[in-house]
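Undergrad: In case it's useful when we look at the structure, here is the feature table from TrEMBL:
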type	residues	note
DOMAIN	1-148	domain 'ABC transmembrane type-1'
TRANSMEM	6-26	transmembrane segment
TRANSMEM	33-51	transmembrane segment
TRANSMEM	75-108	transmembrane segment
TRANSMEM	129-148	transmembrane segment
Amino acid sequence: MLISPILRLMAPIAPIAWIPIAIVVFGINNFTAMFIVFMGVYFILTIATLAEIERLPPEYHIIAENLGAPTWKRWVFVVFPAVLPGVFGLLRINFIAAWMAVLVAEMIGLRDGLGTIIMMGRNLFNSQLIMFGMLVIGLCGFLIDVVLKTIGKYVFWWRV
């Protein structure tokens with residue numbers, strides 16, 4: 001598969017490395033921040049999702065095929081339900097990477113956001129403002145992870 005080497009080549013590139021290209025192409029705006037977040041999460045999540053699919057026991061496909069399920073039904077009723085809990089766990093992990101990428105993106109010159117608060121604290125030599133920004137970032141990340149974990153527990157109840 002040609003996509004796999006390209007994904008594996010792009011995945012290790014840190015989101016911060018994309019900032020100069022994003023600024024040249026998009027300017028300094030929210031779309032630049034979204035692009036940086038996308039580049040920080042997409043490749044890793046895609047590789048991990050493909051690995052989840054490859055880990056699926058071949059018996060699942062064989063049984064579905066023997067029962068006469070067409071390809072689309074195998075994907076909808078066998079593959080997706082089998083890999084979604086693992087992919088959801090990967091989403092939780094990638095949320096942390098996305099959160100860091102958002103903060104990096106905000107530090108490039110956007111006018112609002114927690115990253116901007118930290119940069120303002122740096123520019124003003126105000127360590128309390130920096131610590132406050134870091135505390136809010138950590139608290140928001142923690143709360144969102146708790147919410148995602150709770151959602152996962154109820155949506156994927158069969159997976160302990």
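Cβ atoms are placed via backbone N, Cα and C, with glycine included.
What does the local environment look like for each feature on the list?
TA: Only residues 6 or more beyond the boundaries of the transmembrane segment (75-108), in the same chain, are considered here, and those with a CB under 8 A from a CB of the stretch are 15-16, 19, 23, 28, 32-34, 36-37, 39-41, 44-45, 48-49, 52-53, 55-56, 60-61, 64, 69, 114-116, 118-119, 137, 140-141, 144-145, 148-149, 152, 155-156, 159.
Listed by sequence, the residues of this chain that lie at least six past the ends of the transmembrane segment (129-148) yet keep a Cβ under 8 A from its Cβ atoms are 88, 91-92, 95-96, 99, 103, 114-115, 117-118, 120-122.
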Undergrad: With DSSP as the yardstick, break the domain 'ABC transmembrane type-1' (1-148) down into helix, strand and coil residue counts.
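TA: Here the numbers are 123 helix, 0 strand, 25 coil.
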Undergrad: Should anything in the same chain at least six residues away from the transmembrane segment (6-26) have a Cβ under 8 Å from its Cβ atoms, list it; otherwise answer none.
TA: 32, 35-37, 39-40, 43-44, 46-47, 50, 97, 100-101, 104-105, 108
